[in-house]
């Protein structure tokens, strides 16, 4: 199988062909996802909660991300692999570059960082040095203490305009992908249509170019609170491989996420 690249996703956007992505943290699941046709995976700092058992993503280190990135890469050698730079790993452009180099050496194709216009210099520095960047706007879990919890972002004209401005600034700085998390569908549509780069949604309705889910949410094995945007595909299929195929099919057809998974 040919490796999936940024250009592959750009073509999906141009052809209006939705694509499914998922988080992965180990060899076995990465291989299973790749075998079933998921070509884009994220080693997310969500592993702090789903794998390590913390109550937020804040304790995750660059070494943690690099360890899991290497495992996922071995399981899915041809996937487009994104890796999060965790909390306080990109406070300055120089720090971002050093830490990005670590996760790229571990096997990532691209790093994901959370934040808006304040990251422009960092995004420029990374892309100029051959480190592709995926932005992340809306609900950015590393900022949970600023937001006062996990809440929908971008409601109201002023907040929506600010997020759109941030998205355009990140794209202009060189970001090649954008994740939009927990924003109203109407705003997600505005941003997706305004950007030339592909937009991946999670809790942003079915109007984005792609979707991502935390694998534990997709299989209903998350303890405690289940996000509104999550869907347990394993409950409907009774088989992990079938669940992955159904997730992909529903994303590609626009069935998932439905109205019940979306915010306004």
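Cβ atoms here come from the backbone N, Cα and C positions, even for glycine.
Features of the protein shown, as given by Swiss-Prot:
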ACT_SITE  181  active site, proton acceptor
BINDING   45, 46, 84, 112  3-methyl-2-oxobutanoate binding site
BINDING   45, 84, 114  Mg(2+) binding site
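Shown here: features listed in Swiss-Prot, placed on the structure.
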{"residue": "45", "record": "3-methyl-2-oxobutanoate binding site", "DSSP (3 states)": "coil"}
{"residue": "84", "record": "3-methyl-2-oxobutanoate binding site", "DSSP (3 states)": "strand"}
{"residue": "112", "record": "3-methyl-2-oxobutanoate binding site", "DSSP (3 states)": "strand"}
{"residue": "181", "record": "active site, proton acceptor", "DSSP (3 states)": "strand"}
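Listed in sequence order, 23, 57, 141, 214 are the same-chain residues six or more apart from residue 46 (3-methyl-2-oxobutanoate binding site) with CB atoms under 8 A from its CB.
Between residue 45 (3-methyl-2-oxobutanoate binding site) and residue 114 (Mg(2+) binding site), the C-alpha separation comes to 11 Å. Same-chain residues that are not part of 45, 84, 114 yet have a Cβ within 8 Å of the Cβ center of the Mg(2+) site turn out to be 44, 46, 57, 60, 85, 86, 87, 112, 113, 136, 140, 141, 142. It is 84 that, of the binding-site residues 45, 84, 114, has its Cβ surrounded by the most other Cβ atoms within 10 Å.
A C-beta separation below 8 Å, combined with a sequence spacing of at least six in one chain, links residue 112 (3-methyl-2-oxobutanoate binding site) to 42, 44, 82, 83, 84, 85, 133, 134, 135, 136, 177, 179.
The residue listed as 'active site, proton acceptor' sits 11 Å from residue 114 (Mg(2+) binding site), counting Cα to Cα.
Among 45, 46, 84, 112, the residues given in the record as binding 3-methyl-2-oxobutanoate, the maximal Cα to Cα distance rounds to 12 Å.
The Cβ of the residue listed as 'active site, proton acceptor' has 23 other Cβ atoms within 10 Å, all protein chains considered.
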